[in-house]
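To start, the structure under review is shown below, and the notes come after it.
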Amino acid sequence: MSDQSLLNRKNTSKTLDETIERCIGEFGWAQLLQSVLVSLSWVFDAQQTFISVFTDTHAVNEWSLQQQGVSSLLNGLPASSFFIGCLIGGLVLSTLADTKLGRKNMLVFSCLVMSVAGTITSISTNIWIYSFLRFLSGFGRATIGTCALVLSTELVGNQWRGQVGIIGFVCFTIGFLSLPIIAFLNKESSWRVMYLWTCIPTILYSILVHFLVCESPRWLYVRGNKEEFVSTLKSITTRSSLTLSFFGSFFEFEDQEHDNKSNESSTINLYSAIKMLIERKWAFRRLISVMLVGFGIGMVYYGMPLGVGNLPFNLYLSVTLNALSELPASIVTFFLIGKLTRKKSLLVFAMLSGICSIGCVIVQNDDFKVLQMGFELFSFFSACTGFNVLLIYTVELFPTCVRNSAVSMVRQALVLGGAISPMLVAFGRKNRWFSYGVFGICIAICGLFVLCLPETKGRTLSDTMDEEEYNESVFVC
């Protein structure tokens, strides 16, 4: 087929997604390498999120010996500072990946801030400096998962988007499970060594990402970087050279409408992405709905592992089983995401998690300890699976120009639910209704908001707000 014939087929491509599909629809080794390399950032994300389990108590005890009479409330200050940093970092940095920096540069920046702050944490001299550095680490960490998920899924075609998204979740589980191993190997060393073991590799990883990972072709197009857009497609495509020559000529004959969209997108200011989400009723409705669902899931996802101490079961075994529950949740999502409808599966997992969480309250007889633990594990497993589906669903709900910002806002809702859960766990030590009962009711009620959202399974990704609005009107009709 000649180049001219390929050019004549231009008019059959109605959206950028369809155009890109013609180049990256097949999943090649280059795309696999890119996706895995980007997803590895979740390993380091998990390590800094859960490292407090092994470091904070030793650190606080070390300084408490030097500061007699220190308030016991300070014991939770480092962990609280980390999650506060995550919340503020998410709000401040969420739109940079959609506007100024892009997905790749934002990922590198976030990893560097988190890892450098963590490295300096190893030389902290008191709890105030330690907590401040944990805050900085959380501030940088806030956008890692968002950028990694969006970038990896935008590098592949529609058929592989869900499976590639799950790679990151598997990496997160690996990072979580790696911490006990690192802690065991360094059990005779200071807590400070833990930060060096986890942060120095992250710095090296950031350098590799800068030189080896491609920027999202979708983001490049929306920002008007056409030459780099074509260059990126050439580096990851599995198609023939004739198809590549088509893309080289594509922009010379592109409709003026597409040029205008690119020019408009290139003038996006820092917080215009959030402004666009609020101004469009359909976008605002979607954002509020997925954030409410995320809040409920986040409360269970972060609260369940904290609350296992309130159950009559071995604490160490319980925590280990909870950590291992993330792996089958990721595997189940990986193999079924291509078949699952987003709305129904998310609703089912939310309801199952809520029912099993309440089951932990109803079954309180010590003779049924195994049943209680079974309820707890299945509730956490359902929340983990719902967590995975929710993030992939959010990627599909919003167009390229605001996608990173939307995913970041949903992650903020997840973290907010997690920030509230420790208080509920504390109240639940005397009455489980205040912990497991509230967890179950909250995730069940929040899960109902998924009914306000459209189904996205099998739909192509939109790139502008107008395109998504048009697609929604067609879908509704």
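Cβ atoms here come from the backbone N, Cα and C positions, even for glycine.
Annotated features, as they stand in TrEMBL:
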DOMAIN    34-458  domain 'Major facilitator superfamily (MFS) profile'
TRANSMEM  73-94  transmembrane segment
TRANSMEM  106-129  transmembrane segment
TRANSMEM  135-152  transmembrane segment
TRANSMEM  164-185  transmembrane segment
TRANSMEM  191-213  transmembrane segment
TRANSMEM  283-303  transmembrane segment
TRANSMEM  315-337  transmembrane segment
TRANSMEM  346-365  transmembrane segment
TRANSMEM  377-398  transmembrane segment
TRANSMEM  410-427  transmembrane segment
TRANSMEM  433-453  transmembrane segment
Looking only at the recorded stretches 106-129, 135-152, 315-337, 346-365, 377-398, which one has the largest tally of CB-CB distances under 8 Å to the transmembrane segment (433-453)?
346-365
For the domain 'Major facilitator superfamily (MFS) profile' (34-458), what's the mean pLDDT in this predicted model?
80
Counting Cβ pairs under 8 Å that are 6 or more apart in sequence, does the total for the transmembrane segment (283-303) and the transmembrane segment (346-365) reach three or more?
yes
Near the transmembrane segment (191-213), which same-chain residues lie under 8 Å Cβ to Cβ, leaving out any that are not at least 6 residues past its ends?
34, 37-38, 40-41, 44, 47-48, 51, 54-55, 58-59, 62, 104, 107-108, 111-112, 114-116, 118-119, 121-123, 151, 179, 182-183
